[in-house]
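Peer 1: Please see the structure below; I have some questions.
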Amino acid sequence: MLRYAVVRGGLGLLAVRRTYLISRFAHSAPQSEYRPIKKVMVANRGEIAIRVFRACTELGIRTVAVYSEQDTGQMHRQKADEAYLIGKGLPPVAAYLHIPDIIKVAKDNNVDAIHPGYGFLSERSDFAQACADAGVMFIGPSPETVRKMGDKVEARSLAVSAGVPVVPGTDSPISSLQEAQVFSQTYGFPIIFKAAFGGGGRGMRVVREYEELEENYQRAYSEALTAFGNGALFVEKFIEKPRHIEVQILGDKYGNVIHLYERDCSIQRRHQKVVEIAPAFQLDPHLRNRLHADAVNLARQVGYENAGTVEFLVDKHGKHYFIEVNSRLQVEHTVTEEITDVDLVHAQLHVCEGRSLPELNLKQDKIRVNGCAIQCRVTTEDPARGFQPDTGRIEVFRSGEGMGIRLDSASAFQGAIISPHYDSLLVKVIASGKDLQTASSKMSRALAEFRVRGVKTNIPFLQNVLSNHQFLHSTVDTQFIDENQELFNLKPTQNRAQKLLHYLGHVMVNGPTTPIPVKAKPSSIDPVIPPVTMGDPPVGFRDILLHDGPEGFAKAVRAHQGLLLMDTTFRDAHQSLLATRVRTHDLKKISPFVSHNFSNLFSLENWGGATFDVAMRFLSECPWKRLQELRALIPNVPFQMLLRGANAVGYTNYPDNAVFKFCEVAKENGMDIFRVFDSLNYVPNMLLGMEAAGAAGGVVEAAISYTGDVSDPMRQKYSLDYYLKLADELVKAGTHILCIKDMAGLLKPEASKLLVGALRDRFPNVPIHVHTHDTAGAGVAAMLACAEAGADVVDVAVDSMAGMTSQPSMGAIVACAKGTKLDTGIALEKVFDYSEYWEVARGLYAPFDCTATMKSGNADVYENEIPGGQYTNLHFQAHSMGLGNKFKEVKKAYAEANKLLGDLIKVTPSSKIVGDLAQFMVQNNLTRAEVEERADELSFPLSVVEFLQGYIGIPHGGFPEPFRSKVELERGKTLHIKALALGDLNKAGQREVFFELNGQLRSVLVKDTVAMKEMKFHPKAQKSIKGQVGAPMPGKVLEVKVEVGSKVEKGQPLCVLSAMKMETVVNSPVAGTVKAVHVTTESSLEGDDLILEIEE
């Protein structure tokens, strides 16, 4: 624990003590009686108002807030016991400067005392006097002391009288530019203008050369007038690269004055403090003592009471100069409280009541320094743009907390509106530790925990300051920020969740942004339903199923003479060709015809897979109702669905009981055959689906997903032996039917004979069903080869819905098998009628038809192995992104991605994983070799990472190594997002979109592009047009310096903006003639709003 003795030059400790005793004796008789405070008003806003309210509450004092019309939603209004509007009709800042309103509220509501906070009226002697005249105590120095200290020229004179060194400057406020010119001629540049009646960097401007003098004088005067109600300035010589050290003082009504040590406030930008430290680091002990003694002596000389700060500059030679006295509580008072354990606001209140410092046990020898404290001012400013203030709505706020961290804030919460009218301070973060390094470590950790979205903050900049070697191990001066440009090498924030919410919100409000490359419109011709005979439909295979059960049904299928067909027109065909968009309405119209003319079909595939979620998401239909209605219209043909094992009809693993219940309800509503598969042929995942389907009373059709080429001896990963062993496991598990699911249409005729022939030899009594796609155009030949080798059932689609990425043609199979042992028994004429209906119906879905971008299939599917439905989707996406001419590269990347992942079986969801990796490679222009080499540093798509984590099962042959080991399998980054509601249109043309993100309510504001077309907004400057001058930040126009027709030079001032009480001059980017002016004085602007146009 440190203790600092007070020594002033040649004046010994005894002399100081003697002076103190004489002063104390002279004031031993109380000059005012004790007046307890029962109700306090804070004539301020934001975090300082809340800081005072909290202290009052701790002391049992009732609190009163005042607020402007613009601050109705501010937190300080809600934290007080009472709150009252002031300055009605006045500008935002003027409301808090309106003394009559404040005094009236105080008197009307029996306020005992007013705390001024900092800024606004805190250093106005007329306000302190108005309080005294109204019989209300002013929590601060006497009006006379406020006048003396607030007038920096008089304070300077008092300092000289007290023997405190001062910087050369004017003895009184200057009243004209000419006086400033005379001073600069006498002392030379640089000089500095300072507001005579306020601080905080307002009205403070450094001038380094004569040409800048007039503009900076006007800006300083205007800022001081706006911030403090008085534009008086004084001017002094500017000390280069000083340290800014201030001493906290505290006095009472009886002449007692103590110091609470010093603070180092050297880290500044635009003369506003950014980081404050107490005590000052590596400060010479003798200098420290002189600073303390000078501060206390000056305070005693003026009879200072209450809290205040004496500020000094210390030059590089160790000489100190008095700057000013802030006769109020400082923003950075918090660090003093942390190192001395003295509550300064408590002390202010007690002193105001009439209690002495000794009564409060506040004696100089009792004050100790314990460790170190740092305060960081987190502001809504963008360091990357010269600390320009940012305004808007805080969409996300999460603070850093924990041991050694204190937060003082007011507007730091989700939904808070940051306006351009007030200071940009968002939250003060205070860290305490045993020394500077410890406190810095805690501060860095706390800042890293912050999440602020919706407005820019200076947090990345503060983090750079705290990690700077000079800051941590040496001393800093007021030029620290300017001389360390590496502080502006800001680490970008990820902001993943909020970016995603903005995208989703935009889609919800304005629809998808992906351009649809299809210009076709739906046909206006309705399809003609072919005639249907009267009466009940003929008996079909479903009647056998209902009578004999699944086992009997399987025997009947195996015993059937001829080839059986499954029609995919009701599902997979339109999923592959029409993006699954066919409505129940069009399926129902043709259903009676199918029932009466195709009763000898093995089954009709009409449900499950993508049709389930597309019906709900895009068609606004109930998939269960579709199943029920089709079942009523087609009672005689078995229905078949696609069941993704443990995923059911979803894309993630579901609990076992959910899968069992799903199958049970599906069977009750008309489903008969459950084709169960797993994208990796991972048997444990398939067994759950098989058991669930069997328990529901359905026909279990276990599907082997096919890839590779069993007829190619060079491709042995998925060999004939592999498929036979897999089939052994599925037959032993009790499947009724064995299916080969050839998703990409890779089965060639020779491979068909080998695979089906081997399966038939191994399982003579098990029906074999083969599913394929016709992408390469060889589907009919392959299915006939399968039938010749012993397959009982093959998949087809009606002719007008067949071919390309769909299934082989029903008409072609029927015609080729007619009159042979494979005869299907289906009348070809009825197939023609069926096809004609779908040919016209397909026109109704022209905007979704794959033929808009894809004119044929392609035999290169044997190389890239892209599944049929995915092939269509990738082709469409490539055209949507303007990459239609690069689809060949996309397909090549798909093949390379498949090899990277170890040659997977590709069907949803494994096909999506390969597709995601392929698109990642194309977007980042990466080759397979580059991905393998840089796997440890690339940020892969989540689906790829989760696959390598084993989320969807274990692939045949294991995971690819060393690729898998190199990929960082980052866990715990899943975002759970649920869209909740869409808000009404606001005046800015925005809608608030509400989400639930990881269990917490989030919302984003999204511009409604359609509604905004009918609303009028200020035009934006186009950055690509050099002569268009936009607002560099949100703010109000104070002055327009040019008019239409004015000749301007590059760099010439055009107008003056004010935001958060700081003024910015907008200069001309080019030389030319002003063509148009789009603003007037008092115009309120958003960032990039068009100010004027210049013609070169």
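Every residue, even glycine, has its Cβ placed from backbone N, Cα and C.
Below, the features straight out of TrEMBL:
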type: DOMAIN; residues: 36-486; note: domain 'Biotin carboxylation'
type: BINDING; residues: Lys152, Glu236, His271; note: ATP binding site
type: ACT_SITE; residues: Arg328; note: active site
type: BINDING; residues: Asp572, Lys741, His771, His773; note: Mn(2+) binding site
type: BINDING; residues: Arg644, Thr908; note: substrate binding site
type: DOMAIN; residues: 1026-1095; note: domain 'Lipoyl-binding'
type: MOD_RES; residues: Lys1061; note: N6-biotinyllysine
Peer 1: To the nearest Å, how far is the Cα of Arg328 (active site) from the Cα of His271 (ATP binding site)?
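Peer 2: The Cα atom of Arg328 (active site) is 18 Å away from the Cα atom of His271 (ATP binding site).
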Peer 1: Same chain, not part of Lys152, Glu236, His271: whose C-beta falls within 8 angstroms of the C-beta centre of the ATP site? Give them in sequence order.
Peer 2: Gly169, Ile192, Phe193, Lys194, Ala195, Met204, Phe234, Ile323, Glu324
Peer 1: So around the Mn(2+) site, Asp572, Lys741, His771, His773 aside, which residues have their CB within 8 A of the centroid of those CB atoms?
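Peer 2: Surrounding the site, in chain order, are Thr568, Asp742, Met743, Thr772, Asp795, Gln807, Gly868.
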Peer 1: Please identify, from the binding-site residues Lys152, His271, His771, His773, the residue with the sparsest Cβ neighbourhood, meaning fewest other Cβ atoms within 10 angstroms.
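Peer 2: Comparing Cβ neighbour counts within 10 Å for the binding-site residues Lys152, His271, His771, His773 gives His271.
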Peer 1: What is the three-state DSSP composition of the domain 'Lipoyl-binding' (1026-1095), stated as helix, strand and coil residue counts?
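Peer 2: DSSP classes over the domain 'Lipoyl-binding' (1026-1095) add up to 0 helix, 39 strand, 31 coil.
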Peer 1: Rounded to the nearest Å, what's the C-alpha distance separating His773 (Mn(2+) binding site) and Lys152 (ATP binding site)? Just drop the number here, would you?
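Peer 2: With the alpha carbons as reference points, the distance is 87 Å.
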Peer 1: Which whole-number value in Å describes the distance between the Cα atoms of Lys152 (ATP binding site) and Thr908 (substrate binding site)?
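Peer 2: Each residue's Cα considered, Lys152 (ATP binding site) and Thr908 (substrate binding site) end up 76 Å apart.
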Peer 1: List nothing but the largest Cα to Cα distance in Å, as a whole number, among the residues Lys152, Glu236, His271 that the record says bind ATP.
Peer 2: 16
Peer 1: Check each residue in the chain of Glu236 (ATP binding site) that is at least six apart in sequence and keep those whose C-beta is under 8 Å from its C-beta; list them in sequence order.
Peer 2: Val167, Pro168, Gly169, Thr170, Ile191, Ile192, Lys194
Peer 1: Grab the pLDDT values for the domain 'Biotin carboxylation' (36-486) and give me their mean, rounded.
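Peer 2: Result for the domain 'Biotin carboxylation' (36-486): average pLDDT 92.
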Peer 1: Using a 10 Å radius around its CB, how many other CB atoms surround Thr908 (substrate binding site)?
Peer 2: 19
Peer 1: Fewest other C-beta atoms within 10 angstroms of its own C-beta: which of the recorded positions Arg328, Arg644, Lys741 fits that?
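Peer 2: Ranked by other Cβ atoms within 10 Å, the recorded positions Arg328, Arg644, Lys741 bottom out at Lys741.
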Peer 1: Tell me, how many other CB atoms lie within 10 A of the CB of Asp572 (Mn(2+) binding site), whichever protein chain they belong to?
Peer 2: 30
Peer 1: What does the structure give for the C-alpha distance between His771 (Mn(2+) binding site) and Thr908 (substrate binding site)? Integer Å is fine.
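Peer 2: The separation of the Cα atoms works out to 15 Å.
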